[in-house]
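K.L.:
Here it is, the structure in full.
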Amino acid sequence: MLAVLGVIVAAVIVIALSIWLGKSRKRDLDRAMGKVAPDNKKTRDAKAAADARLAAEAEEAKAATAAEPAKSAESAKAEPAPAAQAEPEPAAAPKPESQPASKPTPAKPETPESVGSRLTRLKAKLAKSGNPFGKALFDILAKDNLSEADWEDVEDTLLLADVGADASAQLVDDLRTDARITGKADPAEVRATLKEKLLDLVGRDTDRRLNAEKPGAAKPSVIIMVGVNGTGKTTTAGKLARLFVAENKQVMMGAADTFRAAAADQLETWGARVNVPVVRSDKDGADPASVAFEASAKAKEANADVLIIDTAGRLQNKSNLMDELGKIRRVTEKNLPVDEVLLVLDATTGQNGMAQAKVFAEAIGITGVVLSKLDGSAKGGIVVSVQKELGVPVKLVGLGEGPDDLAPFDPEGFVDGILA
C-alpha cells in the first residue's frame, strides 16, 4: 500500500515539474522575442521545436510514471513476507538436583543354630514323633516266657520297620539267647536289653563325622550331594551349608543340578540366608560338569573351608546318570580332591529307597548317607538296613522342615527316641 502511494506522489511531482518547465521556457522565449509574437517562419520553427521537445519530455515522464507501479509490484512480489516472530518457548522448569539412588539394605544373614542345641532339640523331637517301631517291640518282649509266635511277631515288627531281613534275623537270634529276655520278664531289664541290641545293630562306635571335620581334611573340602529328585537333596545341601556356617566355616556351593529349572534358584535362596555364595550357570540345561569345575576353581581361589556341589537326580537312564556323576567327579578333581559323596534318602520310602541307593553307589561311590524326613516315618529301621546294604554310615538326619532341622546322626539319641 505504501509503495502505491509513493508511485502516485512521484507521478504528481513529475507532471507539475513538466508544466513548470514548460511555462518557464515559454517565458524565456517571450522575453527573447520581446513579448511580441513574431510572425515569421524562423520564429514559428523555433516554437514548434520547443513544443516538440516539451511533448517528448512529457511522454518520457508519463512512461516513467507508468513503469513505476509495475516495478514496485515486482519488488513487492520478490520481497519475502516478514517472518512471523516466533513466540519464545516457556523456560523449562529447573530440574531437581539428582539424589544418589539409595541402595537397598542387604538382609542381615541369619545365625544358624549351634550343633549342640540341634542335637538336644532333635532328640526330643524324635522321642515325640510317635514311631511305633520300638514300642511294638517292647510290648512283645515284656511278656513272660515268650512263645514261638511271639518271636515271629518280633521278626515281623522288625521287617515292617524296614530293618531288613538279614538284620532282623540277626537281632532275633541275639534276643533269643539273652536270659534277660527268655525268662520271667522284667520291663526295665527288657528295655535295657533291647536298647543295647539295637545300638549294636545301628553301630554305636561307627565314625560318623563328615570328612571335612576330621583333622587334616583338605581345604577346601569338597562334598558332592547325590540322590533322587524329591528326596530333599537341594534343601539338604542348603541346610548342610548352615550347619558348617554354625561352626564358623567359610562355605561355597555349586548348583550343578542344571536340569531342574528351580534347583539353582532354590540353592541361591538358601545361600543368601547365611551369606554363602553360589556358583551357577545362567542357562538352563548347561553342562553340570562345567558348573562343578567352575565352582571348584572359585572355592580354591577363595580358600573356602567347604564346597558343597548339588547334582541332578534323574534315574530314567542309569547309564547317563553314571556318566554324568562320574564326569562331575573327574572334572572337580582337576582342581580339588573330592572328600565326601553324600547320598540323600527319603526315610519314608523305606526299602524302596534301597534300589535307588545302590544305583548311586555304583555310579559315583558314596561315603555317607543323609536320611531326610525321618520324623515322618514309622520305618526307622531304614537306618539299620541302609548301613548294612551299602556299608557306609548314616551321617546326618533331617527331622523337620525348619532350616536348622538337620543334625549329625546320634545312634543313642535315635534308639532312645524309638523306645520312648
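Cβ atoms are placed via backbone N, Cα and C, with glycine included.
So Swiss-Prot has the following annotated:
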BINDING   227-234, 310-314, 372-375  GTP binding site
COMPBIAS  28-62  compositional bias 'Basic and acidic residues'
COMPBIAS  63-104  compositional bias 'Low complexity'
REGION    28-118  region 'Disordered'
K.L.:
Of all the binding-site residues given, Gly227, Gly230, which residue's CB has the most CB neighbours within 10 A?
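P.N.:
Within the set of binding-site residues, the most crowded position is Gly227.
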K.L.:
Report the same-chain neighbours of Lys233 (GTP binding site): residues 6+ apart in sequence with Cβ closer than 8 Å to its Cβ, ordered by sequence.
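P.N.:
Lys233 (GTP binding site) has long-range Cβ partners Met225, Val226, Gly227, Asp257, Asp310, Thr311, Gly313, Val344.
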K.L.:
Using a 10 Å radius around each Cβ and all protein chains in view, which of these binding-site residues has the most neighbours: Thr311, Arg314?
P.N.:
Thr311
K.L.:
By a simple count, how many Cβ atoms lie within 10 Å of the Cβ of Leu374 (GTP binding site), its own Cβ left out?
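P.N.:
Result for Leu374 (GTP binding site): 29 other Cβ atoms within 10 Å.
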